[in-house]
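Asker: The structure that follows is given in the form of structure tokens.
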Amino acid sequence: QFTSVFGVGVKTSEKWYRMGLRTLEEVKGDKTLKLSKMQKAGFLYYEDLVSCVSKAEADAVSLIVKNTVCTFLPDALVTITGGFRRGKKIGHDIDFLITNPGPREDDELLHKGLLLYCDMIESTFVKEQLPSRKVDAMDHFQKCFAILKLYQPRVDTSSYNTSKNFDTGEVKDWKAIRVDLVITPFEQYAYALLGWTGSRQFGRDLRRYATHERKMMLDNHGLYDRRKRIFLKAGSEEEIFAHLGLDYVEPWERNA
């Protein structure tokens, strides 16, 4: 139950359990705990964050993110990834891939009062670094883990629910939604798009195939041919599949 809170991992959950805490209410009531900024946001917007995100909400958030990024980077390519790119109708957060590095679009979102929480993770990518041999390896892109305030009028659906704030009696006409922005260099964009689209199992199988059948190393940053000792460039997902000797698989066919 503790790990359902944004910002609470397995280690923290186990620590709280060893302390004798069993419910979220007990955690919130324990004044000796020093919650991180992320965890505080997780508790503050808990009900919204554990509820499902609809396709209509994802589309509305997508429009906000694209318009904001393009205000500063008119040529930027912003693509929704994850389950929504694979055709799913519901999810728990929304992931976006952006070609241009830099946090400037986040500043504008904060200025508009749309970001309820934001945590920037800088890139740790080292040029000429070989793709990881691990099938579940984390990538090294710059990322922004955020919580965005989505107002009801932006959502194109009649099923959007408003909730009442029982403390003030006011009707809440917005919803807090988890948004991850992943910023990647243009030359790595196709590989990042393939990796972040998923599914996780599809990505694992593709990397295993690259390793065992093609003698290559694939991750979210690139594809390395171990026999030729070269990195293989790709401007699209189709080119990556071609490098691997495979027919292209559409995103909605990757729900392994």
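Using the three backbone atoms N, Cα and C, a Cβ is placed for every residue, glycine included.
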Asker: Pick from ASP173, ASP180, ASP205, ASP219: which one does TrEMBL list with ASP93, ASP95 for the same Mg(2+) site?
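Answerer: Between ASP173, ASP180, ASP205, ASP219, TrEMBL records just one in the Mg(2+) site with ASP93, ASP95, namely ASP180.
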Asker: Let me check the 10 A CB neighbour count of ASP93 (Mg(2+) binding site). How many other CB atoms are there?
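Answerer: Counting Cβ neighbours of ASP93 (Mg(2+) binding site) within 10 Å gives 19.
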Asker: Please identify, from the binding-site residues ASP95, ASP180, the residue with the sparsest Cβ neighbourhood, meaning fewest other Cβ atoms within 10 angstroms.
Answerer: ASP180
Asker: Would you identify the secondary structure of ASP93 (Mg(2+) binding site) according to DSSP, in three states?
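Answerer: Going by the DSSP assignment, ASP93 (Mg(2+) binding site) belongs to neither helix nor strand, so it counts as coil.
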